[in-house]
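One structure is given below, encoded as structure tokens.
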Amino acid sequence: MLDSSLAQEIAAIDGVELDSKVTFADLTTLRIGGKPRSAVRCQTTEALVSAIKLLDDASLPLLIVGGGSNLVVADGDLDVIAVIIETDDVSINLTDGLLTADAGAVWDDVVHLSVDAGLGGIECLSGIPGSAGATPVQNVGAYGTEVSDVLTRVQLLDRTTHQVSWVDASELDLSYRYSNLKFTNRAVVLAIELQLLTDGLSAPLRFGELGRRLAISEAEPHPRRPVRMVRDAVLELRRAKGMVVEHTDHDTWSAGSFFTNPIVDPALADAVFEKVGEPTMPRFPAGDGKEKLSAAWLIERAGFKKGHPGAGAKASLSTKHTLALTNRGDARASDLVALAKEIRDGVLETFGVTLVPEPVWIGISIDD
């Protein structure tokens, strides 16, 4: 619990609510995790800034939580204050295509609003769980689109000075599933600004699974489709893989894609190809002379099938998609760690490729 005087001071902030009952299992899409010392719910940006400043001044350990879709949290009582971002304003300028979203806005709601407004650029990111503020931190991406493609700037709270400022996207070192905000607590994302297209069409699409669904030909140089058509197709694909959160479907009790697609030297990619001998092995240029392989493909070829290790397991691969590690109803963090370690080590032993987990680990790690 918070010191009584500090608790009173924080509770007096307009737009703040103290919550002594919530657990991280309540706050994460994996539905795993123990209880924080206390939780502070912030409904406005001003409340969020004020609450964090008071807690930082008291030198208390904080965990900033948005949609909870990218967190693996340890079981038991945790010595941390959960600061829950519940800001949700979204504004759209239809003339210039600028969209601004509070950090706590549900990401898929942001995408839905952009599509309803006829704006293109993030329709391929439909159905991704979590909040808007998390998208630049890990440079969220899917189906050939990344947030970095449209991100212009982010509003940050500097936790050293507690000053608020807008920072250009070029200062975030954005790359595949990475920004310089990812592994640091120095700043909190308060809002994001996106530059979207205003002609009602999607960003250029690449040929592949989504392209086939949209009847795109490999001969089309820069294929585009109406944004609503693309969103609908993406949601169909994600639902078929259990990658759209449904409270009654344990295949969606996950952190989404658990491992990033590995970026490797061409020699290692060649070695994997020679070992498996499949002409259709997915491999893509990744810049700087590297290649990107499919983590899901590697997991399957290493012998891990959908639903592994089978019925009765507390944590298993999704029955719809091998890249999602799921809670089958009453899994603990230790169950998920054991499964993640088994998958990672199995792929390494089979192919010499090390899979890197995408979620942020709190109080536990894959090496525990």
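Including glycine, each Cβ sits where the backbone N, Cα and C put it.
Residues or ranges marked as domain 'FAD-binding PCMH-type' by Swiss-Prot on the basis of sequence analysis: 32-199.
According to its DSSP assignment, Arg177 (active site) is coil. Counting Cβ atoms from all protein chains shown, Arg177 (active site) has 18 others lying within 10 Å of its own Cβ. Taken from Swiss-Prot, the feature active site covers Arg177 (among others).
Long-range Cβ neighbours of Ser257 (active site, proton donor) (same chain, at least 6 residues apart, Cβ-Cβ under 8 Å): Met243, Ala295, Ala296, Leu323, Ala324, Glu358. The active site, proton donor annotation in Swiss-Prot covers Ser257.
If you look up Swiss-Prot, you'll see Glu358 (among others) marked as active site, on the strength of sequence analysis.
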Count of other CB atoms lying within 10 Å of the CB belonging to Glu358 (active site): 18
For the domain 'FAD-binding PCMH-type' (32-199), the mean pLDDT of the predicted model: 97
